[in-house]
Amino acid sequence: MAEFVRAQIFGTTFEITSRYSDLQPVGMGAFGLVCSARDQLTNQNVAIKKIMKPFSTPVLAKRTYRELKLLKHLKHENVISLSDIFISPLEDIYFVTELLGTDLHRLLTSRPLEKQFIQYFLYQIMRGLKYVHSAGVVHRDLKPSNILVNENCDLKICDFGLARIQDPQMTGYVSTRYYRAPEIMLTWQKYDVEVDIWSAGCIFAEMLEGKPLFPGKDHVNQFSIITELLGTPPDDVINTIASENTLRFVKSLPKRERQPLKNKFKNADPSAIDLLERMLVFDPKKRITATEALAHEYLTPYHDPTDEPIAEEKFDWSFNDADLPVDTWKIMMYSEILDYHNAEAGMQQMDDQFTGQ
């Protein structure tokens, strides 16, 4: 039985196994407090995210189960990876992942990014999205603060707590407003992997400009700011709007012409402008895909089609429509955690045999 130690962080009890030391608060992630710590087994620094009271409601239990399943399934260099998971005696759940020194939000608020960094970061975002989308997963909440970066400029996408299946009836109030695709704001249903491309486009623009591209004060203002730059959406996009109120609002807006992005991004390369134009398209079906973006001229310095993997298998979303009591989610969660540790132990055994230990 693992030995647990307690520490108080921001008035919150962290109850972790004695394998981890030197707890330091890092910040709040989606639905939990995050600390850095030293993993005494591997001698590496790690991030530990506490999911508070995961079994307090069926909704929270399901959300935690979903995040755990996603972290276990997604294995890619540009996606955050799970290194440990445990349930404490107080029945809080702790996810342990690799620790990266900073995130894109902090980088963007500290100094302008040079061209080669913008290219390399965008390349890694697109490489990660190609993999995630191939697994049948939509992130839904892509923004600078959940794109982690280390001192070698390695980039990893994190916070998959909101991620959902590619589902034709998706419902909507998800990502942080500035980075939210128009189809989430307008239709409240029917969206897919393209929402992540829009968000990545907003992040790309922010890397080029040093400030958010569409800093809306609310939903209405947000959409208005988007149309000032990109013009009025085409009729075939407007006609997909399901809500009568939203449709009335969009039709009441003055007709606007799309502005050339080169006028706004005066210092950007023509190839950067071209890629951005293809990402920020109202019609999701006409938006560039992650795979297409990787092959775009702007990302040529880093593009390697032999090293941009897709998922070996689709993520199993069969649990996602289940409406189960907390106790059932708890049993399923314990089962997933046991499976994770058994798989890890098996891998370690294979490593030991391979190295002759």
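Going from the start of the chain as shown, residues are counted 1 onward.
Glycine is treated like the rest: Cβ placed from N, Cα and C.
Fair warning: this is a prediction, and the values are worked out from it, not measured in the lab.
Here's what Swiss-Prot has on this protein:
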type	residues	note
ACT_SITE	D141	active site, proton acceptor
BINDING	V26, G27, M28, G29, A30, F31, G32, L33, V34, K49	ATP binding site
DOMAIN	20-299	domain 'Protein kinase'
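Within 10 Å of the Cβ of V34 (ATP binding site) there are 20 other Cβ atoms, across all protein chains. Cβ neighbours within 10 Å of the residue listed as 'active site, proton acceptor', excluding its own Cβ and spanning all shown chains: 21.
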